[in-house]
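Participant: Sharing the record's features from Swiss-Prot:
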COMPBIAS  1-22  compositional bias 'Polar residues'
COMPBIAS  40-58  compositional bias 'Polar residues'
REGION    1-73  region 'Disordered'
TOPO_DOM  1-104  topological domain 'Lumenal'
TOPO_DOM  150-209  topological domain 'Lumenal'
TOPO_DOM  231-236  topological domain 'Cytoplasmic'
TOPO_DOM  258-268  topological domain 'Lumenal'
TOPO_DOM  290-313  topological domain 'Cytoplasmic'
TOPO_DOM  335-379  topological domain 'Lumenal'
TOPO_DOM  401-408  topological domain 'Cytoplasmic'
TOPO_DOM  430-456  topological domain 'Lumenal'
TOPO_DOM  480-493  topological domain 'Cytoplasmic'
TOPO_DOM  515-552  topological domain 'Lumenal'
TOPO_DOM  574-905  topological domain 'Cytoplasmic'
TRANSMEM  105-125  transmembrane segment
TRANSMEM  129-149  transmembrane segment
TRANSMEM  210-230  transmembrane segment
TRANSMEM  237-257  transmembrane segment
TRANSMEM  269-289  transmembrane segment
TRANSMEM  314-334  transmembrane segment
TRANSMEM  380-400  transmembrane segment
TRANSMEM  409-429  transmembrane segment
TRANSMEM  457-479  transmembrane segment
TRANSMEM  494-514  transmembrane segment
TRANSMEM  553-573  transmembrane segment
């Protein structure tokens, strides 16, 4: 059976593209997508002819029943007869109450031959005979039907062969013609007209009969094989009950999948109708098609594993696995190529990287290393990964199996997993919160695309090494079983490899759906192109498939190795994965895409429908319990997120406060000793008037970089080596003694008192009891905040006077006009270095000193919010180039703050 979904549009619409709206009926994946393209290259030219034919058919049809139309490759439109359920057709074939056609007797004889073989043989002969029968019919299905469909898809050979063989040739093969006509009419509704139906439709009906033969014999042979291999495993009663209950549940589930799939796709897709003609009616894809990708080939074979449980036979299990794998091969090599050939491939919108007018977002082609795909020996990051990986592998392979070697393997796996989780979490957390990663690279003159490129290399390195080291640890702790039939040894290995295969499939599906942009968290580092998400591929069915399926290989290797240490690392990987998704990814998606995030995935909607519809097969309590479980898990994760965020926000200030408090206590003790030493001098000077004021200040605010003039007045008995320092208001708790160093931000009041820091003296009165000093350049703080000046006595740190606290502020520049930015920088440069006076934006800044460049980057940081390295100023070499860089950086960062849209949590 196929899960390829027929067209929901008219022939005139065959060439249209798919809707990408989240609110639309969900699109199927490539093998089950809404088919829109006409297989005839001249189909668009036949639109009028098709519409006229359809109008004629509509006039004659009975409007009381829904009508469906087919379209042949030649463009002929015909009315499809009403369907008779394939279940009824199959049951009538074996039901003795109905008359039988010659073909029915062929089918019955094939089934009875297998049953007879089952009862005529015993022991090993029966078991292997039944297994051979099953494999024969499986090969007939996958290879036989596959070959026929391949030839039909590529060359229309099945229709040609059936026609050439004489099935519809009344003149040359009248008996075969009559038998065919009688057989088809007996299995169809009264609305079917053999003579007027197109050749393609009648050929499809003949093809269906061969398919039914293979399907019925395949089913019968599998049941007989299961009965032949049935045994009673030696396990306790609880496991016996779980085995039987699980087997029955899987078989019932399999039956529901098949029936629900047939309800949706009907016989047309069940029997690969679109290999012969196209259907022209709308289908609503719900039910099982929202449960899993390729449901007819994935969950549709759950009954295989149910039967394996009931029989208790590993032979049946491995035969089922082999048959299931062959079915996926059928999908891969027969159906998917037909879909792509007939309907084209879908444009994967999620894979598209952001593009815009700004060259910043013109990303190079996708050639980054993913795993070891796209490996390039000329790329140092690729070579580094290869060297580290080979070192990690060979150090384990070449070492002995001692406890030390096992410890090293476990330690290596733990460290890489821990590093991957920590680096992954913290970089993405701070990137989402403040774009810290991007700003770091912009600061050094790089682009946002370069920042993302570096993240991709780091992420791929830690991800690959976490996998490689874990595999090597599992290898080191694995012991080859001496008895594969003992206990659950074979089952552990089968489940383990199954989980590994599931992990690989999930990862490949995620990458195919998201592309490199999504795989490497592009919307954390670059602006999203679309405000909405397209839920396609595996994301149609589940939100965050990597949440659990993304760690299935860890659990698979843990089962295979049967090591407690490997289980422990698997638990660490699973918990860290859950934490990153819940604490980092989901908040970011909510922030970027807002209310357009999907509330329910396909599986959730399916369960909800199953518990709400009339006559549902699931009790309402199932939905209630699942909601309660989900709520509980989310509540725990929310509380963890709040605690983690509180820790991240409060831990650094608390640590800083603790260190500062310790330092303050030490300084206070030293302060007391110094105050006692200088107490006589202080007591003799307390009656004199010391004053300190800032000249020309408005509202106690000063612009960043602007010179500050300080007026001072001192006692006639003051010392010539008195001095004035500039400090942050929060740096000194005492008003009597300065506890922190001025770090060069001080000025002498008298040139006779010092040999340096005298150039800032603007004036000194004749009696030398008052004067002015100007703080500029290196004497200033080049950051915003609240500050104060302090007058100190006699070259010491004894405070005689202070100014009122004042605030250094920066002009907020919100413009992205290059000329305005350049003009602002020209004004600011004179405060950074008075010796540089560029007259226009193209004047050279190549000779600017490191100190002056640092001052200019401080002004840029507080005025524009762009943190640049001083080297960038020197490299750009002019205000114009620097202005363009600032504007481009602003556009990059502002693009992250666009309107909220939608993305999957």
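Glycine is no exception: its Cβ is also placed from the backbone N, Cα and C atoms.
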Participant: Run the contact check on the transmembrane segment (409-429) against the transmembrane segment (237-257): 3 or more C-beta pairs under 8 Å, excluding pairs closer than 6 in sequence.
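Facilitator: In this chain the transmembrane segment (409-429) does not contact the transmembrane segment (237-257) - fewer than 3 Cβ pairs sit under 8 Å.
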Participant: When only pairs 6 or more apart in sequence are counted, do the transmembrane segment (457-479) and the transmembrane segment (380-400) reach 3 or more Cβ pairs under 8 Å?
Facilitator: yes
Participant: Look at every Cβ pair spanning the transmembrane segment (494-514) and the transmembrane segment (210-230), keep those 6 or more apart in sequence, and say whether at least 3 of them are under 8 Å.
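Facilitator: No, these stretches are not in contact.
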Participant: Which sequence-distant residues neighbour the topological domain 'Cytoplasmic' (401-408)? Criterion: at least 6 residues beyond either end, Cβ under 8 Å.
Facilitator: 395, 476-477
Participant: For the topological domain 'Cytoplasmic' (290-313), what does DSSP give as the number of helix, strand and coil residues?
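Facilitator: Each residue of the topological domain 'Cytoplasmic' (290-313) counted once, the result is 14 helix, 0 strand, 10 coil.
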Participant: Work out, from DSSP, the number of helix, strand and coil residues along the topological domain 'Lumenal' (258-268).
Facilitator: 11 helix, 0 strand, 0 coil
Participant: Counting only residues 6 or more past its boundaries, what in the same chain has a CB within less than 8 Å of a CB in the topological domain 'Lumenal' (430-456)?
Facilitator: 360-361, 363, 368-369, 516, 520-522, 524-526, 584, 587-588, 591, 866-869, 871-872, 875-876, 885, 889, 892-893, 896
Participant: DSSP helix, strand and coil counts for the topological domain 'Cytoplasmic' (480-493)?
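Facilitator: The topological domain 'Cytoplasmic' (480-493) comes out at 5 helix, 0 strand, 9 coil.
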Participant: Which residue counts does DSSP yield for the topological domain 'Cytoplasmic' (231-236) in the helix, strand and coil classes, in that order?
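Facilitator: Once the DSSP states are binned, the topological domain 'Cytoplasmic' (231-236) shows 0 helix, 0 strand, 6 coil.
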Participant: So if I exclude everything within five residues of the ends of the topological domain 'Cytoplasmic' (231-236), which remaining residues of that chain have a CB under 8 angstroms from its CBs? That is, six or more out.
Facilitator: 243, 311-313
Participant: As a quick check of your reading of DSSP, tell me how many residues in the topological domain 'Lumenal' (430-456) are helical, how many are strand and how many are coil.
Facilitator: 22 helix, 0 strand, 5 coil
Participant: Would you report the average pLDDT that the model assigns to the topological domain 'Lumenal' (258-268)?
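Facilitator: Its mean pLDDT is 82.
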